[in-house]
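Structure first, then comments.
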Amino acid sequence: MSQIKFTRTESHKTAVFFITFFSYAFFHANRKAFSNVKSSAAEVWTPHNLTDRILEPRDLWYSHDMFDSNEDAVKFEGILDTAFMLAYAVGLFLNGYIGDRVNMRILLSVGMAATSVLVFIFGCVCEWTLFYNKYFYVIVWIVNGLMQSTGWPVVVACMGNWFGHSSRGVLLGVWSACASVGNIIGALLVSSVLSYGYQYAFMVTSTVLLAGSFVVFVGLIPSPADVGLDPPPSEDIAKHGSVNTVAEDTAPLLNGPPVESSHYTSEDERDVVYDVQAVKPTSMSFLKACLLPGVIPYSLAYAFLKLVNYSFFFWLPFYLSNSFHWDESTSDQLSTAYDVAGIFGGTIIGFFSDRLGKRTIMIVPMLLLSIPSLLLYSYSPNDRTINVVIMSLIGFLIGGAANLISSAVSADLGCQKAIQGDDKALATVTGVIDGTGSFGAALGQIAVPYLQSGLGWHSVFYLFMICMFLTAVCLFPLFLKEIRSLRCGCCRRRRSVSLQ
């Protein structure tokens, strides 16, 4: 019978892994759609006739022109990105708090469905009806940010509920590639239909997201307790040194003797046991979650890191097209190298952080190495091979570190010993860290177009280098603490061996 239970547990874990992976990937594919059509959208929003000749009828040729120049349109796109990220940041704080208190399956599916409708209205309905209004665009994009913020706190909380700490680094390192995979999916979908008009990019990605919302609603199981299974075991201190084992983790979740909670004799008995819990988990207050050890340093660090990471996300295709004059479809495809490298970066440092039982000790060196890499990329020649190689290096360092912080580190901080009996803090902590990061990213999206137009692209990369340095500074005290912890652990092992 134990083999049957193991099979059930693993099948549920597999389903949760893939459903949460692709649900967030589809979120990112929709975000990527806008960043990959910026050049096309700017052309549509600016006059096509730059001569003194006035074309008639005016309603046909000039009604859709919202700006006098392409530069003004690009600045407005930066404002849209900033509005989106500010709304997204606020939503992360709210939805992280709400996610620990409501059915996460419903919250996620509703957020996905609402996002698909808003993206469709923004990109397709407005273009097909020739309705161009700056204020309407901003309002739709703000609501879009709020709806998309339902995603990350929920999917990270679901993964943290199902998977223990011992393999969380490499597992969530792989899983956190969902954002990068979504970027790749979005870029490829956009480049395949962009020649028909930028509105079709929004149509394809929003349709995929809507279909995914139905899968989430039907198939996602947020927690093992929802199907009468035990939570994943916590890890032993002696082996990992960063997570403590508490008695509550191994206590049965259900009433009655242990046999009833882990052994089923019939289908009917299993159905009765599912919804009977001895103690209903409590939910941590927002302030208490912010004051958990490590949350504030990582939140501040992620604000600087996400500014850089999301600037690449929003502006890399435009940079390649604008700076090197490559066509938009080619720029979209080449920009995927950054995301592919980020997948490998998050997986590799996740693996080694599991072996060490430490996260920060792997993250800080990557942050410092990214600074000279950014300087090198700012002077990249007009050669696609060289550009992609340096871009991949930056993606490995910056994207990999961002993936690990937003997933494995958030899950670790949401499950640490300081929480003790408070079982429902994962979504809240994840919302705090990613929400703070999104505020930083919002500032970056308004800074990039103004710096680029006023001082050139080199000034943008200097800003990125400063932010990476500040990210490392925020995490340096935790880095030193983990170094001392490793030294003490090595000393204890040497004394143990000498005594034997």
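Think of each number as a place in line: the chain as shown, counted from 1.
Cβ atoms here come from the backbone N, Cα and C positions, even for glycine.
Bear in mind that TrEMBL entries carry predicted annotations, made automatically and left uncurated.
Features reported for this protein in TrEMBL:
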{"type": "TRANSMEM", "residues": "12-29", "note": "transmembrane segment"}
{"type": "DOMAIN", "residues": "16-483", "note": "domain 'Major facilitator superfamily (MFS) profile'"}
{"type": "TRANSMEM", "residues": "76-94", "note": "transmembrane segment"}
{"type": "TRANSMEM", "residues": "106-130", "note": "transmembrane segment"}
{"type": "TRANSMEM", "residues": "136-158", "note": "transmembrane segment"}
{"type": "TRANSMEM", "residues": "170-194", "note": "transmembrane segment"}
{"type": "TRANSMEM", "residues": "200-221", "note": "transmembrane segment"}
{"type": "TRANSMEM", "residues": "290-316", "note": "transmembrane segment"}
{"type": "TRANSMEM", "residues": "336-353", "note": "transmembrane segment"}
{"type": "TRANSMEM", "residues": "360-379", "note": "transmembrane segment"}
{"type": "TRANSMEM", "residues": "385-405", "note": "transmembrane segment"}
{"type": "TRANSMEM", "residues": "425-448", "note": "transmembrane segment"}
{"type": "TRANSMEM", "residues": "460-480", "note": "transmembrane segment"}
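At the 8 Å Cβ threshold, with sequence separation of at least 6, the transmembrane segment (136-158) comes into contact with the transmembrane segment (12-29) through 3 or more pairs. Residues 169, 172-173, 176-177, 179-180, 298, 301-302, 305-306, 308-309, 312, 316, 320, 324, 334-335, 337-350, 353, 359, 362-363, 366-367, 369-370, 373-374, 376-377, 433, 468 of the same chain lie 6+ residues outside the transmembrane segment (385-405) yet bring a C-beta within less than 8 angstroms of a C-beta in it. Listed stretches 106-130, 200-221, 290-316, 336-353, 360-379 were compared with the transmembrane segment (170-194); the greatest number of C-beta pairs under 8 angstroms is found for 336-353. Sequence-distant neighbours of the transmembrane segment (360-379) (same chain, 6+ residues past either end, Cβ-Cβ under 8 Å): 305, 345, 349, 352-353, 387, 390-391, 393-394, 397-398, 400-401, 404-405, 409, 457-458, 461-462, 464-465, 468-469, 471-472, 475-476, 478-479, 481-483, 486. Most Cβ pairs under 8 Å with the transmembrane segment (106-130) belong to 12-29, among the candidate stretches 12-29, 76-94, 290-316, 425-448, 460-480.
When pLDDT values are averaged over the domain 'Major facilitator superfamily (MFS) profile' (16-483), the model yields 78. Between the transmembrane segment (76-94) and the transmembrane segment (460-480), fewer than three CB pairs separated by 6 or more residues in sequence fall under 8 Å, so the two stretches do not touch. Sequence-distant residue pairs (6 or more apart) of the transmembrane segment (290-316) and the transmembrane segment (460-480) include at least 3 whose Cβ atoms are under 8 Å, placing the two stretches in contact.
Counting only same-chain residues 6+ beyond the ends of the transmembrane segment (12-29), those with a CB under 8 A from a CB of the stretch are 108, 112, 115, 148, 151-152, 155, 158-159, 162-163, 175, 178-183, 185-186, 189, 205, 208-209, 212-213, 215-216, 219-221, 224, 227, 229.
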